[in-house]
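Trainee: The structure follows.
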């Protein structure tokens, strides 16, 4: 048997056994890939083509030659199936997708394109989701001479179920072979589907931070969670986490919220959004409740917002405490000037019959479980009628006959403007108003000038004032009593810190203004407490008295029992004397007096045996000794020049100490200097004496009394007629002028005998240099009452029998 093929493949079975028949084929590519396979059953024999190629297709003819039969030919058409190339998937922008398609947005279009090249027969291109075919649009396209099959998939609305699914593109030419496949994963962005504030809605505490949790489901990518409080974003959300779970994409945010009382009943919002979607936000809201201490304010009950409330004495005022708190207020309290008021525990406080003491800053407090809060203050100002300034309700003033005194009255009042004064006075005979011409007022003070007629007259002046609120209920009383000489200073002692000082305590002033005097006496003849004195004591006193020219009513600054004239005197307003120029090595005795217009204190305070060591200075320790020892160093002129009333009237206050180490030349030179200083001083003192003797003396008190017309017995001195006052002013005008200027009674260098220490005998005393006042004797001065006053209420009469008199002198009781 001979098989003749188109490709010239033959099998020669003439030997009888087909299975052993030789095979022959043309040595070509196809011939090498051909083989005729003979099975047990001849019908199963067939021609096999290995590694079939597209060109192997066509019509194959099988020819069988027989020995005794005609040749038979059989034709077979071989059609070859060529699978297409792997599909290629593109997005809407023409970008090829290898594994991940998208992202696509939920609710928006999904577009994919699958292209397949080649294939015999031409393949059918389809889209599949799992085992479900997706309807697309197919067409043929030619690219670079090759035919391509294209299928475009367009889904108008992408649903959430496309999230993460796999879509497959298949190309199949015949069922004989498996289709060619290409799949991609679809990425879909999803909107959040639910949001919830997971933390229970409990009562929050003001000022205490608390974490609040909010969860969002279903968003891809993770939702952006925003917190809002009353519509305003909160920017301190601390933690945001995202987890992809089977039940949905979960996004969690934790807000640390610190609220205040103003946040009570505020709306807290948790908002979840996906940035890929506009308008796709979802929210969960809750109203928060905040526990906070009370917010308190105080105001008038009529809601007047004024912070300063003005009322008059006797009126009423009502305050109300307004409190905002959660939980509600449990108790109220009231404060005045920062101090808690007892008995006030409600939100309303009534103040009735206001007094001056009712004024102050009022605040209220409110308490709940969160604490106590105090309001700011509201100031209550209480206007009141005049009343005596504290400490001046009753005062006493000493008076000297025919020496005018200025009586002052001071009050407190609100309002302080338009305060009017009137005065009454009470003596042993009657109670009468003071003439307006004797009163002078300025603001809250009023003065009356009073001229006592005798030393024994007892007068009580009553000062009354009124303002817009009302009239003073109790007057200010001034008792005018006969003046006494002052008491001697007390507890005098020496102090030696940096400068030597004599410090005392002031005694009673006797009812008059007083000052203090220190006299320093040196030498061997010192002050004696013996009333009889020594043999030469009277002579020394007489000489000194003549030297200073004492008058009848003048105050002597000389100690009447001193055996020597003072080396110097010092005057101070307080009993404290700084002795910074004492002569070292010399022994001193100090006499301290208190002096007023009535005289000086007797006896003086005596400080004995005071000796200053050498080199006294602010940085050296002063040695005070009661054991006199010679000074080591001689000082000239430090303590001044003094004398005891000798014929020459000159003396030196500087002791001349000698020591074996001093040379005689220095002694002679020192003596010459001292003598020269004494001569120059004598000339200066003589000139002053001459000038003072030619200066006219002011009239004596007796002369002033002679120039006055006798006052009527039934009219007190306050009511002397104005012509009589004019005559008084003409007779004592100079004295009145001096008193009105406030000159102290011993402030003149000339008059009544001249300067202390300068007399007819020619004695001289030169005081210690320094910032102290030095005393000279002078005459008693007189002043007349002022007439520049106004009319007040003349009907204010002080009742009899209601006065208490204060007596300064025990002898007047």
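Every residue gets a Cβ built from N, Cα and C, even glycine.
Pulled from TrEMBL, these are the listed features:
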type	residues	note
COMPBIAS	636-656	compositional bias 'Gly residues'
DOMAIN	87-185	domain 'Ig-like'
DOMAIN	192-288	domain 'Ig-like'
DOMAIN	294-379	domain 'Ig-like'
REGION	621-661	region 'Disordered'
TRANSMEM	666-692	transmembrane segment
Trainee: According to DSSP, how is the domain 'Ig-like' (192-288) divided among helix, strand and coil residues?
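Mentor: The breakdown for the domain 'Ig-like' (192-288) reads 3 helix, 56 strand, 38 coil.
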Trainee: Mind tallying the domain 'Ig-like' (87-185) by DSSP state, helix then strand then coil?
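Mentor: Split by secondary structure, the domain 'Ig-like' (87-185) comes out as 3 helix, 59 strand, 37 coil.
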Trainee: Over the domain 'Ig-like' (87-185), what does the predicted model average in pLDDT?
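Mentor: PLDDT averaged over the stretch: 90.
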Trainee: Please work out the helix, strand and coil residue numbers for the domain 'Ig-like' (294-379) from the DSSP assignment.
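Mentor: Split by secondary structure, the domain 'Ig-like' (294-379) comes out as 3 helix, 49 strand, 34 coil.
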